[in-house]
Amino acid sequence: MGLEKSLILLPLLVLVLAWVQPSLGKETPAMKFERQHMDSAGSSSSSPTYCNQMMKRREMTKGSCKRVNTFVHEPLADVQAVCSQKNVTCKNGKKNCYKSRSALTITDCRLKGNSKYPDCDYQTSHQQKHIIVACEGSPYVPVHFDASV
(Lines of atoms letter the chains of each structure in order from A and count residues from 1; the text may use other names and numbers.)
(Lines give C-alpha, C1' and ligand atoms only; values in the text may rest on other atoms or scores of the structure.)
Protein backbone atom coordinates (compact mmCIF):
# COMPACT_ATOMS: atom_id res chain seq x y z
CA MET A 1 0.00 0.00 0.00
CA GLY A 2 2.83 2.44 0.88
CA LEU A 3 4.57 1.78 -2.44
CA GLU A 4 1.36 2.46 -4.40
CA LYS A 5 0.92 5.83 -2.66
CA SER A 6 4.54 6.73 -3.44
CA LEU A 7 4.05 5.85 -7.11
CA ILE A 8 0.96 8.08 -7.24
CA LEU A 9 2.55 10.98 -5.36
CA LEU A 10 5.83 10.99 -7.30
CA PRO A 11 4.33 12.09 -10.66
CA LEU A 12 2.26 14.70 -8.80
CA LEU A 13 5.40 16.06 -7.12
CA VAL A 14 7.21 16.18 -10.49
CA LEU A 15 4.30 18.15 -12.01
CA VAL A 16 4.26 20.66 -9.15
CA LEU A 17 8.03 21.19 -9.33
CA ALA A 18 7.90 21.60 -13.12
CA TRP A 19 5.22 24.27 -12.70
CA VAL A 20 6.99 26.16 -9.87
CA GLN A 21 10.62 25.92 -11.03
CA PRO A 22 10.59 28.33 -14.02
CA SER A 23 9.41 31.21 -11.83
CA LEU A 24 12.13 30.63 -9.22
CA GLY A 25 15.01 31.93 -11.32
CA LYS A 26 13.09 34.59 -13.22
CA GLU A 27 14.14 38.21 -12.69
CA THR A 28 11.16 40.51 -12.11
CA PRO A 29 11.16 44.06 -13.54
CA ALA A 30 11.73 45.42 -10.00
CA MET A 31 14.68 43.05 -9.49
CA LYS A 32 16.14 44.10 -12.85
CA PHE A 33 15.81 47.77 -11.86
CA GLU A 34 17.70 47.09 -8.62
CA ARG A 35 20.44 45.14 -10.43
CA GLN A 36 20.91 47.75 -13.14
CA HIS A 37 20.46 50.98 -11.18
CA MET A 38 20.89 50.62 -7.42
CA ASP A 39 24.25 50.96 -5.68
CA SER A 40 23.41 52.22 -2.21
CA ALA A 41 26.88 51.41 -0.90
CA GLY A 42 28.56 53.33 -3.73
CA SER A 43 31.89 52.47 -2.11
CA SER A 44 34.09 53.06 -5.16
CA SER A 45 31.77 55.36 -7.12
CA SER A 46 34.44 58.09 -7.15
CA SER A 47 36.86 55.87 -9.07
CA PRO A 48 37.29 56.65 -12.80
CA THR A 49 36.92 52.90 -13.49
CA TYR A 50 33.68 52.61 -11.47
CA CYS A 51 31.45 52.28 -14.56
CA ASN A 52 33.69 49.71 -16.25
CA GLN A 53 33.64 47.59 -13.09
CA MET A 54 29.94 47.99 -12.27
CA MET A 55 28.60 47.53 -15.80
CA LYS A 56 30.47 44.24 -16.03
CA ARG A 57 29.59 43.13 -12.47
CA ARG A 58 25.90 43.88 -13.02
CA GLU A 59 25.86 41.94 -16.33
CA MET A 60 25.24 44.85 -18.70
CA THR A 61 28.13 43.97 -21.00
CA LYS A 62 27.07 40.42 -21.92
CA GLY A 63 26.64 40.02 -25.68
CA SER A 64 26.87 43.79 -26.26
CA CYS A 65 27.79 47.00 -24.46
CA LYS A 66 24.84 48.86 -22.93
CA ARG A 67 25.29 52.44 -24.19
CA VAL A 68 24.04 54.40 -21.17
CA ASN A 69 23.22 53.50 -17.58
CA THR A 70 22.72 55.37 -14.31
CA PHE A 71 23.48 54.09 -10.82
CA VAL A 72 21.70 55.67 -7.85
CA HIS A 73 23.67 55.93 -4.59
CA GLU A 74 20.75 56.28 -2.16
CA PRO A 75 18.90 53.78 0.05
CA LEU A 76 16.46 51.59 -1.89
CA ALA A 77 13.57 52.84 0.27
CA ASP A 78 14.32 56.44 -0.80
CA VAL A 79 14.26 55.47 -4.48
CA GLN A 80 11.06 53.45 -4.02
CA ALA A 81 9.50 56.52 -2.35
CA VAL A 82 9.89 58.41 -5.65
CA CYS A 83 6.90 56.35 -6.88
CA SER A 84 4.67 58.48 -4.62
CA GLN A 85 6.17 61.83 -5.62
CA LYS A 86 5.54 64.10 -8.65
CA ASN A 87 3.83 62.27 -11.51
CA VAL A 88 5.33 63.12 -14.93
CA THR A 89 4.99 61.72 -18.45
CA CYS A 90 7.63 59.14 -19.40
CA LYS A 91 9.81 59.53 -22.51
CA ASN A 92 7.68 56.84 -24.20
CA GLY A 93 4.46 58.78 -23.49
CA LYS A 94 3.22 56.56 -20.66
CA LYS A 95 1.87 58.21 -17.51
CA ASN A 96 3.53 56.01 -14.86
CA CYS A 97 6.73 58.04 -14.32
CA TYR A 98 7.62 59.97 -11.18
CA LYS A 99 10.24 62.65 -10.49
CA SER A 100 12.16 62.80 -7.22
CA ARG A 101 11.48 65.87 -5.06
CA SER A 102 15.16 66.35 -4.34
CA ALA A 103 18.42 65.77 -6.18
CA LEU A 104 19.97 62.37 -5.52
CA THR A 105 23.56 61.16 -5.77
CA ILE A 106 24.00 59.30 -9.07
CA THR A 107 26.71 58.06 -11.40
CA ASP A 108 26.12 58.24 -15.14
CA CYS A 109 27.93 55.67 -17.28
CA ARG A 110 28.26 56.41 -21.00
CA LEU A 111 29.96 54.15 -23.52
CA LYS A 112 32.99 55.90 -25.00
CA GLY A 113 32.75 56.50 -28.76
CA ASN A 114 35.67 54.28 -29.75
CA SER A 115 34.62 51.42 -27.45
CA LYS A 116 33.49 48.14 -29.01
CA TYR A 117 32.24 44.86 -27.56
CA PRO A 118 33.69 42.89 -25.80
CA ASP A 119 35.98 45.71 -24.56
CA CYS A 120 33.24 47.98 -23.19
CA ASP A 121 34.83 51.21 -21.92
CA TYR A 122 32.72 53.77 -20.07
CA GLN A 123 32.99 57.44 -19.12
CA THR A 124 32.13 57.84 -15.42
CA SER A 125 30.31 60.99 -14.32
CA HIS A 126 29.25 61.65 -10.70
CA GLN A 127 26.32 64.03 -10.24
CA GLN A 128 23.53 65.29 -8.00
CA LYS A 129 20.31 65.21 -10.04
CA HIS A 130 16.60 64.55 -9.80
CA ILE A 131 15.66 61.13 -11.14
CA ILE A 132 12.61 60.05 -13.11
CA VAL A 133 11.52 56.43 -12.76
CA ALA A 134 8.63 54.38 -14.14
CA CYS A 135 6.71 52.51 -11.43
CA GLU A 136 4.46 49.45 -11.57
CA GLY A 137 3.08 46.63 -9.46
CA SER A 138 1.76 46.07 -6.00
CA PRO A 139 3.61 47.35 -4.10
CA TYR A 140 4.19 50.21 -6.54
CA VAL A 141 7.96 50.13 -7.16
CA PRO A 142 10.47 51.41 -9.75
CA VAL A 143 10.82 49.16 -12.80
CA HIS A 144 12.56 51.51 -15.27
CA PHE A 145 15.03 54.40 -15.02
CA ASP A 146 13.65 57.02 -17.42
CA ALA A 147 15.94 60.03 -16.94
CA SER A 148 17.96 62.27 -14.66
CA VAL A 149 17.34 66.04 -14.72
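Using the three backbone atoms N, Cα and C, a Cβ is placed for every residue, glycine included.
For C90, the disulfide partner recorded in Swiss-Prot among C97, C109 is C97. In the disulfide annotation of Swiss-Prot, C135 is paired with C83 out of the candidates C65, C83, C109. The disulfide partner of C51, as annotated in Swiss-Prot and taken from the candidates C109, C120, is C109. DSSP gives C65 (disulfide bond) a coil state; it is part of no helix or strand.
Note: the CA-CA distance between C90 (disulfide bond) and H144 (active site, proton donor) rounds to 10 Å. Under the DSSP three-state reduction, C120 (disulfide bond) is assigned to coil, being neither helix nor strand.
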